[in-house]
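Q: Dropping a structure here in structure tokens format, bear with me for questions.
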Amino acid sequence: MSVFFYLFVLVFGLQATIHCAPHNSSEGKVTTCHLPQQNATLYKMPSINADFAFSLYRRLSVENPDLNIFFSPVSISVALAMLSFGSGSSTQTQILEVLGFNLTDTPVTELQQGFQHLICSLNFPKNELELQMGNAVFIGQQLKPLAKFLDDVKTLYETEVFSTDFSNVSAAQHKINSYVEKQTKGKIVGLIQGLKLNIIMILVNYIHFRAQWANPFRVSKTEESSNFSVDKSTTVQVPMMHQLEQYYHYVDMELNCTVLQMDYSENALALFVLPKEGHMEWVEAAMSSKTLKKWNYLLQKGWVELFVPKFSISATYDLGSTLQKMGMRDAFAESADFPGITEDSGLKLSYAFHKAVLHIGEEGTKEGASPEVGSLDQQEVPPLHPVIRLDRAFLLMILEKRTRSVLFLGKLVNPTKQ
């Protein structure tokens, strides 16, 4: 059976020059999910979050041309929403507008309830799927956060809060990195390097996802060396997994791409989008929540001979400049307003650091063995069936079915570049 790991860490640094008493915090966790009553925002959130994901993707694609792209949209949305509820005036308005929300027709209370339910639903225990999202706030010992802020981040965001001595830079850096390494089960080590002085608060957001294909690949069918076209003049060799199976798929003649859905064993799916050669930018520009809904409606199940590269991908971004270009300017400026976090002035966002890691392949069960599955009854397979080879740049998405959340979004340009 196939095992996949998807890991994400987002770090925000807030800077200020303040003097106040230290505060000790305790841990709090949400243990049950309650569906908010009469909350229209809850039902709009999947579409709004998806549109934010594609807007951010397009920015990252422009800033990183011809490179692999990979990030966790839902985790970034959660972290920014958490930050917005501690902000005020234009700082809050800009953060929420970047996320796609308008406070004129969307009450803050509904947003809080919506994100609380999203986090709780994603973290709700599942039998064959490991999915855990979490947050941690590392607060300088000299900062006195408001009691309401501490209560909200625990209740709404299942957040751990740690009092931290940022005057001892190396010790603070070690404390944060150790936490991240533990929460990501050792997959992200030494996330923060060269931590600077005058950091007052750091928000860490992570997501861990591990699942098995509903129809696992056979290791013996993997081609150890197969061509993958990076561009017109560059071809690399990659292991190529191979399977003849029934998949939901669709050829979008309007967008000139082929869409294929691969289900995980429980409540999650992977969506691969293969544009025709020369049409990647066209597809990227058209990606939206409406596009996802269209594909979901038009996907048809049938036999497909599928070739998928076995690859690892990781990407690291400083989202500060990207978010500012998207309209979130005040949070990084001297005019930043965070009255919901502390009564002290001078608090502003210094950077937004994001890292995501993905491995996809047929490595096997948790013990590392990948059992062979029985042969297909060839009489069931029609003599004519489509062949889909993901042997050039393609888009990939990992979606959680219950909340319709885009957990991960990316583009594989070169599978040999991690």
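Glycine is no exception: its Cβ is also placed from the backbone N, Cα and C atoms.
Per Swiss-Prot, the features are:
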{"type": "BINDING", "residues": "ASN296, LYS401", "note": "thyroxine binding site"}
{"type": "CARBOHYD", "residues": "ASN24", "note": "N-linked glycosylation site"}
{"type": "CARBOHYD", "residues": "ASN39", "note": "N-linked glycosylation site"}
{"type": "CARBOHYD", "residues": "ASN102", "note": "N-linked glycosylation site"}
{"type": "CARBOHYD", "residues": "ASN168", "note": "N-linked glycosylation site"}
{"type": "CARBOHYD", "residues": "ASN227", "note": "N-linked glycosylation site"}
{"type": "CARBOHYD", "residues": "ASN256", "note": "N-linked glycosylation site"}
{"type": "SIGNAL", "residues": "1-20", "note": "signal peptide"}
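Walk me through where these features lie, including what they touch and how far apart they are.
A: In the three-state DSSP scheme, ASN296 (thyroxine binding site) is classed as helix. Annotation for ASN296 (thyroxine binding site): no spatial neighbours, criterion Cβ-Cβ under 8 Å with sequence separation of six or more.
For ASN39 (N-linked glycosylation site), other Cβ atoms within 10 Å of its Cβ number 17.
Neighbours of ASN102 (N-linked glycosylation site), defined as other CB atoms within 10 A of its CB across all chains, total 10. Under the three-state DSSP scheme, ASN102 (N-linked glycosylation site) falls in the coil class.
Cβ environment of ASN168 (N-linked glycosylation site): no same-chain residue six or more positions apart lies under 8 Å away.
With a 10 A radius on its CB, ASN227 (N-linked glycosylation site) counts 13 other CB atoms from all the protein chains. A strand conformation is recorded for ASN227 (N-linked glycosylation site) in the three-state DSSP classification.
Cβ neighbours of ASN256 (N-linked glycosylation site) (same chain, under 8 Å, six or more residues apart in sequence): PRO275, LYS276, HIS279, TRP282, VAL283.
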Q: Based on DSSP, name the secondary structure state of ASN256 (N-linked glycosylation site): helix, strand or coil.
A: coil
Q: Distance check, please: Cα of ASN102 (N-linked glycosylation site) against Cα of ASN39 (N-linked glycosylation site), rounded to an integer number of angstrom.
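A: On Cα coordinates alone, these residues lie 15 Å apart.
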Q: Note down the number of other Cβ atoms within 10 Å of the Cβ of LYS401 (thyroxine binding site), including every protein chain shown.
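A: Taking every protein chain into account, the count is 12.
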